[in-house]
Amino acid sequence: MKDLLNLFNQQRQTLDFDAIKIALASPDLIRSWSYGEVKKPETINYRTFKPERDGLFCAAIFGPIKDYECLCGKYKRMKHRGVVCEKCGTEVTLAKVRRERMGHIDLASPVAHIWFLKSLPSRIGLMLDMTLRDIERVLYFEAYVVTEPGLTPLERRQLLTEEQYLTARQEYNDDFDAAMGAEAVYELLRTIDLQSEMTRLREEIASTGSETKLKRLTKRIKLIEAFLESGNRPEWMVMTVLPVLPPDLRPLVPLDGGRFATSDLNDLYRRVINRNNRLRRLLELNAPDIIVRNEKRMLQESVDALLDNGRRGRAITGTNKRPLKSLADMIKGKQGRFRQNLLGKRVDYSGRSVITVGPYLKLHQCGLPKKMALELFKPFVFAKLQRRGLATTIKAAKKLVEREEAEVWDILEEVIREHPVLLNRAPTLHRLGIQAFEPVLIEGKAIQLHPLVCTAFNADFDGDQMAVHVPLSLEAQLEARALMMSTNNILSPANGEPIIVPSQDVVLGLYYMSRALENKKGEGMVFANTSEVKRAYDNRVVELHAKVKVRITQVDVEAGGKRSSGTSIVDTTVGRALLSEILPEGLPFQLANTEMTKKNISRLINSSYRLLGLKDTVVFADKLMYTGYAYATRAGVSIGIDDMLIPDEKKGILTEAEAEVLEIQEQYQSGLVTAGERYNKVVDIWSRTSERIAKAMMDTIGTEKVENAKGETIDQKSMNSLYIMADSGARGSQAQIRQLAGMRGLMARPDGSIIETPIKANFREGLNVQEYFNSTHGARKGLADTALKTANSGYLTRRLVDVAQDVVITEIDCGTTEGLIMTPIVEGGDVVEPLRERVLGRVVAEDVYLPGNDEEPIVTRNTLLDEAWVAKLEDASVQSVKVRSTISCESSFGVCARCYGRDLARGHQVNIGEAVGVIAAQSIGEPGTQLTMRTFHIGGAASRAAAVDNITVKTTGSVKFNNLKSVAHASGSLVAVSRSGELSVLDGHGRERERYKLPYGATITAKDGDAVKAGQSVANWDPHNHPIVSEVAGFIRFIDFVDGVTVIEKTDELTGLASREITDPKRRGAQAKELRPIVRIVDAKGNDLTIPNTDLPAQYLLPPRSIVNLQDGAAVGVGDVVAKIPQEASKTRDITGGLPRVADLFEARKPKDPAILAERSGIISFGKDTKGKQRLIIKDTDGSEHEELIPKYRQIIVFEGEHVTKGETVVDGEPSPQDILRLLGVEPLAAYLVKEIQDVYRLQGVKINDKHIEVITRQMLRKVEIVDQGNSKFLNGEQVERQRVIEENARLVKRNELPAKYDPVLLGITKASLATESFISAASFQETTRVLTEAAVRGTRDNLRGLKENVIVGRLIPAGTGLAYHAGRRKASGLTDSEMETLSGKPAAAEPVAAVADAGADEE
């Protein structure tokens, strides 16, 4: 019995470890694992099917084939356990030892390990400081290498050809050693003295000057350091002993018909053994050198193939021309060990079936077919049958169940009661793809799903299937109920808005019952309460849509739970009064006293959750659903072709458009417009026409004329079925109705460009052949896109999950005072996202004061901003708030709850242990399939919209300038002379309502603080010309203006005014190379004037194509335009949109022609140009200069003498995120990434909370680059985890030594995932071979901190309820061994359960 206990303990010990280390195996270690040498290539005897002795399946080496039975059958049964049979050499033990016992092959000649040879950078090459090419020549016997030069002039590691070798031998006899093949490499590696090599390299680094040499040296130093630290020896990279995998991991299975199916590994091993034995024989026979060499080369090749087939040369193929699967292939890729078996396991206890709708279910229920339930809950049913005494044995119980006796169903009912099951729909794109429900037994074979959870599962009932899983253990059931129950997941983790929102039929029903119509039966009646309304409605006294007055009782629930009620008479309709009956107590009636569109219903559910909590909201959502279905059925809404009303104006609008197009066509033929302009204008006309027809159509469908009670004819919203559906948000949108009843409009070609002939017909009129063809053209592209999109989106999600998987909330507060400053997001003057939405659910980083009052803070630091606080901020008209962010969080592992803020799916501060990284990745990846795949060509409407030439304010208020430099013009208006200036309009409370960019040279007619009215124009500029504005008053002097060389005189035919255009330097000829046309401003005496506040002369360098309208010597005032540069009609830069754009941002890719930013603050001047580049100089205030060479074709948007600040754009283009980080720092980079990514999602109408993007950004900024190593162990230019540097610096500061200085580095998500501290996580992501090679050389320890590593080693993850288990283990490791054993037996089961109970408590 004691033995048996020991046996179990033996199994248990392996589970208890804190880290995994990977290293090179030494020959002695390999021998110590081995249970014997495999000497023969034979596998099994074809007659007896018994393994051959000393073969690849030998029982003496690997263990018995049957449990407790030796091969020859002499010893059988347990009593002989541990005996080694003297006849056949087999140990009598369990057969499963054949899965763990290894063998070995003694190689007759050393063999280089291909991973360390060929996996770049080649480790053997770095170690020996030889090129891979050279080492391969030695290994494959093409050249000799000097291993020991002795006293000869030869160098160690020098290559010699056959002839050179013979000459050297004759010359120096035996004074030197040279060899070829792996022995030579082995010898070289063996004789390296790492310590002295290290010292030598460090000295060399100090003395070297060249960049490339430095790189090579630091690489070598790092490698040698790794070997010294890990205790690996370099010669172990060349193998002398080869381990043999246990036979049950490379099985040989007999098929029927006497053939065998075998693992490819057996073939590969057989090859190695054959060649090895042959080589051994040849060496014994003293065969000629050339034969031995050939055999050694073949041995090297066969071992290469075994380890990594196809890495070098052609892959070895089997009988069926298919490359054999080597050991490396076993672990890498989607089908490899990591991704197939360790990260994704299959589940028993599951069933799947088609889903149908279950409109009568409650939100926490699902309908489970009886047959399915019986099969899934079989063991529970068996147990219960036995306990009841209805069956004596399991076998009897089985019979009962198979016969499906009546009592079995009763017992099934009992078993199922309060035992939740998990429903999952593939693809599981976010955590709401698996939810728990209580099963309700139903007849039939389809699972019934509650309609309200369809949005979360993205399910519909056109044949979707779902899987059911049964949580078995008590802990699993508890977690399913407390955390995964559908009733606990009302809010979406992506944006914190309700995801349990009615859609389609339900919305239609609620909308229908809440519409108000004129002059319906019973209009104007007054009712005492809602039940009276109901009675009147049931007796057909009033109609559903009649406007009536009703006395409503309002119940207000205050924060303390006190209830107070009051009554009031409300103007409402019959339908809304009936709706008020299902409102929970405490929800104000005015929320429901509107038209119930999808948006309003969502708002209603949200308010209910915030005001009344979870339980009431769930009940309310269910009631809404039942009511919606009931009234949708009553409404009997249906659509026919007559509902698609075509507006009468359509014909007229089309005729107008056609005339316009014809006119442009004529202009084009007479050469007035270019082909591109013609195309753009035509597309423009048609998109405008399409809009006009759509508007006319919506007016036609959406309104109808009726008589009201007074007999007047008025317009009211129509009850057209088509319109109702779109207006309520039940199905369809304006864009789709436009195609049914307006005009189909412009179509896109598959490459995304727009076909200029639109489809003028709509679907009701029908398309003609050509229109139909154009229509299918675009539609087919759409379908092809969708298929590609799914794969791309999935891959993006995988990369995101991988980079963020180990971000977990680990503590409450890290104590940082850093944060991000949040302001409203403004686009084109409109506030797209007000401040309230951006700061909701965040924690304040520093006290917020009233604007202009620094005494009493409105909100103090570390307050979590909920809806009430945000309303307060809005009333105080605060414009910017500094909030805590995960990017600036200082927790050493994971992030802290304060920096993260509110858990969006629960509505309170996030719990410790929440896996926020994975949630962030899912929230960003899940809507990926809704994003577009195409790049937009700007043209037509888009470029028209770009040409804004003034600012007209939309609201009444006061003007405020931000960051604006301006000069006062003689006319009294201001002229902007900065690029980043902005103008805001504030309302009476000082709240920002609009914000606009002010371009350089804009004339501003309002002053700071002026009052403006809505519709007033406050600034204007010429969008087609970029002005150069004089900042001083004086007289013009032209310099280097040579007529016909640098300038051309032009006279305008219409006005007769003369102007000068600067020519292109390329066309000036050789003698004019040095000429640079400049306009200088001088005073009356002809002395140079300087630009205010600088010592630079007031002169403006004129770029090519600029136009000067003034004459030499003319007087200019401050703010006058000296010259102007025509802008090309809106650059047609393709903007990458949709998914590719998001991927580019997360991968931190540099754009093609990036914007050039100012490297420092200072004054701009231009130096001497080179052939294709112009030289831009920024002069600092302290006189130091920075030069930048810029290609001529790029447009420089700054002028000589202008002041720029560090990081300001100097040359237009898409900014590169690396530049933003380098010049402006982490916060602006975060702001940029968040803004750009949000823009893409916002365009598709997807809401994602900023903090998810911030979590990913934090992971992209994990690494830093060492700029100055100080006294640390890092090297200059090395990239290290930020955390390690911070720890090391803290250590150095304690000892009063110099800490290392570093700069943050931005890595793309793929790079960042591969650069994690955990090699297990990196290897299971991508490039498995490279990661493992690197890790083995370094002897890396994986501390199993992330989620992925723990999944792979088969433990609970250190997040959620698993965090308690890990904390328990850490505490426990301080205990004695015996106590440790009791713990490891049943890993602290009490703890996770307790944690779940707590979690459940704050759910309510």
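Yeah, the Cβs are placed from backbone N, Cα and C, and that goes for glycine too.
For C70, C72, C85, C88, the entry in Swiss-Prot reads Zn(2+) 1 binding site. C70 (Zn(2+) 1 binding site) falls within neither a helix nor a strand when secondary structure is assigned with DSSP, and so counts as coil.
The Zn(2+) 2 binding site annotation in Swiss-Prot covers C814, C889, C896, C899 and rests on sequence analysis. With a cut-off of 8 Å between CB atoms and residues at least 6 apart in sequence, the same chain places C814, T816, V843, R884, S885, T886, S888, C889, S891 near C899 (Zn(2+) 2 binding site), listed in sequence order.
Here Swiss-Prot flags 1377-1404 as region 'Disordered'.
Swiss-Prot lists 1387-1404 with the feature compositional bias 'Low complexity'.
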What are the sequence-distant neighbours of C70 (Zn(2+) 1 binding site), meaning same chain, six or more residues apart, C-beta distance under 8 angstroms?
A59, P64, K76, V83, C85, K87, C88, T90, E91, V92
Around the C-beta of C814 (Zn(2+) 2 binding site), how many further C-beta atoms are within 10 angstroms, looking at every protein chain?
19
Starting from the Zn(2+) 1 site formed by C70, C72, C85, C88, give every other residue of that chain whose CB sits within 8 Å of the mean position of their CB atoms, in sequence order.
A59, L71, G73, K74, Y75, E86, K87, G89, T90
Roughly how many Å separate the Cα of C72 (Zn(2+) 1 binding site) from that of C896 (Zn(2+) 2 binding site), to the nearest whole number?
64
Listed binding-site residues (C72, C88), ranked by Cβ neighbours within 10 Å, top entry:
C88
Far apart in sequence but close in space: which same-chain residues, 6 or more away, have a Cβ under 8 Å from C896 (Zn(2+) 2 binding site)?
I809, T810, E811, I812, D813, C814, C889, E890
Residues near the Zn(2+) 2 site, C814, C889, C896, C899 excluded, by Cβ within 8 Å of the Cβ center?
E811, D813, G815, T816, R884, T886, S888, E890, S891, V895, A897, R898, Y900
Out of C85, C889, which has the highest number of nearby Cβ atoms, where nearby means within 10 Å of its Cβ, if these are the binding-site residues?
C889
According to DSSP, collapsed to three classes, what secondary structure does C896 (Zn(2+) 2 binding site) have?
strand
With DSSP assignments reduced to helix, strand and coil, which class does C814 (Zn(2+) 2 binding site) get?
coil
